[in-house]
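Trainee: This is the structure I have questions about; it appears just below.
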Amino acid sequence: MSVDAAALRSARGETRAAPTAARRGQRSRLASIGLHGALVTASAVAVFPILWVLVTSFKPDTRAVSPTPRLLDESTVDNYVDVLSGARGDFLAWFGNSVTIAGLSTLVGVFVSATTGYAVSRFRFPGRRGLMLTFLVTQMFPFAVLIVPLHNILLALGLLGQPLGLVLVYCTTTVPFCTLMLREHFDAVPTDIDEAGRVDGLSPFGVFWRLVLPLARPGLAVTAFYSFLTAWGEVAFASAFLSVADDSKTLSVGLQVFVQQNRAEWGHLAAASVLVALPAVVVFYLVQRFLVGGLTGGAVKG
Amino acid sequence: MAEVAYVNASRVFPGTPPVRAVDNLELSVADGEFLVLVGPSGSGKSTALRMLAGLEDVDEGAITIGGKDVTNTPPKGRDIAMVFQSYALYPHMTVAENMGFALKLRGVPKAEIREKVAEAARMLDLTRYLDRKPKALSGGQRQRVAMGRAIVREPSVFLMDEPLSNLDAKLRVETRANIAALQQRLGTTTIYVTHDQVEAMTMGHRVAVLKDGILQQCASPRELYDRPANAFVASFIGSPAMNLKTVPLTPEGARLDGLVVPLSRSALDGAAAEGLSEVTFGIRPESLRLAAADEAGMTMTVELVEELGADAYVYGSVRIGEQSERFIVRVDGRTPPALGQQVEVTVRDADEVHLFHPGTGLRLTA
Ligand SMILES: Nc1ncnc2c1ncn2[C@@H]1O[C@H](COP(=O)(O)OP(=O)(O)O)[C@@H](O)[C@H]1O
Ligand SMILES: [Mg+2]
């Protein structure tokens with residue numbers, strides 16, 4: 001690799017001075033400044049909206065839209081107190097609902113996708129190709145098209161207005177993607193490992209649970225995070241399928257009380273948004289340490 | 001400890017046409033025996049081994065271990081341990097966990113597992129690596145972990161599928177000896193798959209030669225070398241390979257160029273009974289020699305000389321009938337002929353000739 005890269009560079013006449021000086025991973029000072037400058041700019045662009053929301057969340061609604069926000073002399077935690085105390089709707093109940101629904105969607109979704117992905121990766125059965133194709137096709141429909149049929153199905157099942165119904169709906173959107181994703185990860189685990197496990201005394205499910213799943217942790221992390229975010233931030237299905245009672249809303253639906261037709265409480269909205277973002281950050285933090293590649297390294301030969 | 005038997009076992013992979021990867025295999029392995037399955041790539045060795053492990057279905061016939069029919073028993077019920085060609089170590093477990101995993105599944109107490117793992121590690125010189133993950137081991141060390149994983153379980157049968165093929169040549173020879181010694185010491189019935197006939201000949205108590213899923217011969221290495229049952233075994237076993245040529249028969253024997261190799265009465269009668277005017281004539285390079293000046297011989301043009309120190313192998317062509325045939329002759333390493341030279345070659349001892357049926361390839365001489 002390194003030889004190829006060096007050869008390529010010298011072929012393009014890009015080697016600087018003596019070839020020994022152009023060691024890998026070394027940059028000139030100018031390149032370094034340029035690179036860091038670009039990274040800082042990109043980070044600032046990415047972080048700025050979040051920073052703005054954070055700043056706004058500490059300001060009274062009336063001053064929220066002023067173009068020169070000052071953090072120090074006008075910041076209060078009033079917005080947070082208002083939001084958390086339930087003065088503007090039952091925030092804590094929404095929060096609880098969201099945690100339950102997103103958590104359940106993650107668990108059920110990842111479990112179903114993992115078992116499906118494993119079956120597709122390891123077993124030959126009729127309809128195996130068709131199944132994956134169907135999964136791809138279902139991803140093509142926009143949410144809006146699905147609302148009415150899903151509504152009817154939930155109604156027929158008696159799950160309309162129930163958190164469980166919404167969990168199932170979220171699973172229908174996450175499972176196809178997660179299955180495709182996990183199947184890739186399972187495929188990367190050599191089948192020799194399955195067989196070694198079976199010879200060592202594992203049942204077929206034991207192989208899945210104790211060998212293949214642990215080795216597919218990066219995939220599980222990604223799919224868990226994806227499932228959680230999908231359920232956590234979704235508005236359309238949540239407002240259509242949950243009962244209208246204030247204490248059965250999810251956060252993303254509830255937040256709308258802060259932005260009414262002719263009156264927007266930007267400060268409160270920002271404070272609530274910060275609170276909403278926190279669990280996502282926590283989940284990401286929990287999950288990111290598994291997002292390392294190369295878990296299966298060393299399984300086979302040398 | 002247990003004896004193992006394949007009873008007319010077959011594995012047929014579906015397809016058009018179906019592949020009989022293992023065809024009617026009839027083979028028994030004695031308790032404590034080291035049996036090597038050898039054959040060219042695709043001959044069904046791995047499939048045969050995997051059938052025994054329970055990783056492959058047995059479509060016809062049966063398999064018994066220790067007298068018990070295990071044809072439909074899942075792998076975990078067969079009390080076997082397997083070393084995979086790829087080693088198949090569990091990457092997320094340390095060396096110690098890899099080796100102790102099977103015992104842990106069986107609910108063996110922790111202290112006992114630790115003890116057994118430590119003992120196996122001592123045997124395999126792995127003690128220093130017990131806390132490492134497989135990723136941080138060299139190829140040879142991984143191979144030993146795979147062996148350790150099998151040993152720790154004290155199974156009744158060891159199965160090994162080309163366990164040395166990923167090692168470099170030197171380590172392979174070393175490990176070969178270690179495995180043979182280990183098996184001797186443990187006395188566990190072992191079935192070992194390899195495509196390398198040298199490995200087969202040096203390790204096995206008996207060697208079973210497979211080709212296209214069909215067992216060609218199962219015998220001791222000596223027997224296999226001295227009395228191959230057919231032309232395929234004759235050509236597969238031995239390095240460099242046996243010279244195998246179709247030659248015309250005369251009343252005195254087989255004619256090779258200017259040389260008539262006398263054949264035994266029984267061989268000639270056998271060939272006559274089959275109505276053969278030609279036979280497949282086999283002779284190993286070491287059974288040929290350069291003829292003295294006044295001796296009859298076949299004239300060979302030297303094309304290549306492979307000097308190995310003590311010996312040299314001379315490759316050359318001889319005219320037999322209309323065709324030019326390649327022969328290999330072992331000569332004294334100190335006085336090899338020169339390239340392009342014409343030499344006279346003769347047979348050391350007519351008893352060392354192998355005769356096969358030119359059509360079926362079966363051995364003719366008794
Ligand atoms: N899963 C399979 N499906 C179809 N054919 C197979 C399968 N496994 C092996 N075969 C065929 O069976 C034959 C024997 O294979 P194998 O036992 O792996 O040979 P070896 O180990 O001697 O090289 C080969 O022709 C191979 O193509
Ligand atoms: Mg093989």
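Placement of Cβ uses the backbone N, Cα and C atoms for every residue, glycine included.
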Trainee: Tell me which range among A:1-23, A:24-46, A:47-69, A:116-138 TrEMBL lists as region 'Disordered'.
Mentor: A:1-23
Trainee: Under a criterion of three or more Cβ pairs within a distance under 8 Å and sequence separation of at least 6, are the transmembrane segment (A:266-287) and the transmembrane segment (A:33-55) in contact?
Mentor: yes
Trainee: Under 8 Å between C-beta atoms and at least six residues away from its ends: which parts of the chain pack against the transmembrane segment (A:132-160)?
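Mentor: Here the qualifying positions are 120, 168-169, 172-173, 175-177, 179-180, 183, 236-237, 240-241.
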Trainee: At a C-beta cut-off of under 8 Å, are there same-chain residues at least 6 beyond the transmembrane segment (A:91-120) that contact it? List them, or none.
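Mentor: Those are 83-84, 128, 131-132, 163-164, 166-168, 170-171, 174-175, 178-183, 185-186, 208, 212-213, 216, 220, 223-224, 227-228, 230-232, 238, 242, 246-254, 272, 275-276, 279, in sequence order.
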Trainee: Please indicate, using numbers and ranges, the residues of the same chain that are 6 or more beyond the transmembrane segment (A:224-245) and have a C-beta under 8 Å from a C-beta there.
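Mentor: Residues packing against the transmembrane segment (A:224-245) from afar: 97-98, 101-103, 105-106, 109-110, 143-144, 147, 150-151, 154, 160-161, 163, 165-167, 169-170, 173-174, 177-178, 181, 251-253, 276, 279-280, 283-284, 287.
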